[in-house]
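Pulled from Swiss-Prot, these are the features on record:
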COMPBIAS  116-128  compositional bias 'Basic and acidic residues'
DOMAIN    6-102  domain 'SH2'
MOD_RES   K89  N6-acetyllysine
REGION    67-92  region 'Interaction with FYN SH3 domain'
REGION    103-128  region 'Disordered'
Amino acid sequence: MDAVTVYHGKISRETGEKLLLATGLDGSYLLRDSESVPGVYCLCVLYQGYIYTYRVSHTETGSWIADTAPGVHKRFFRKIKNLISAFQKPDQGIVIPLQYPVEKKSSARSTQGATGRREDPDVFLKTP
């Protein structure tokens, strides 16, 4: 999971929401560990000022699955990256297609902006 750039690990729901709201872009998304269910992940998506959270889990057979809107056919994916790619398309049972990945930067990287101030080394938004 660490190879997935939108995976932020064990961050709180509040921290994830702040990261998404800071983008201001509907369709911004990230993955984090679930706080309430061990071994489960949360796919968090910004839409119209609200954060929508979908549980993502790794099945016993090694597939990945996401809990989506009721009535939507459950799909299984071999890799988490395939799940993310599928949800970048419309009508997949989530509120809006995944559009703007909020990626976690390596903590070893630190940048200075044009103003000379240190920018946040932990997160950046990747636009298509």
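Yeah, the Cβs are placed from backbone N, Cα and C, and that goes for glycine too.
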For K89 (N6-acetyllysine), which DSSP three-state class applies?
coil
Return the residues near the residue listed as 'N6-acetyllysine' by Cβ distance under 8 Å, restricted to its own chain and a separation of at least 6 in sequence.
P97
Could you give the mean pLDDT over the region 'Interaction with FYN SH3 domain' (67-92), rounded to a whole number?
93
Would you list the DSSP helix, strand and coil counts for the residues of the domain 'SH2' (6-102)?
18 helix, 30 strand, 49 coil
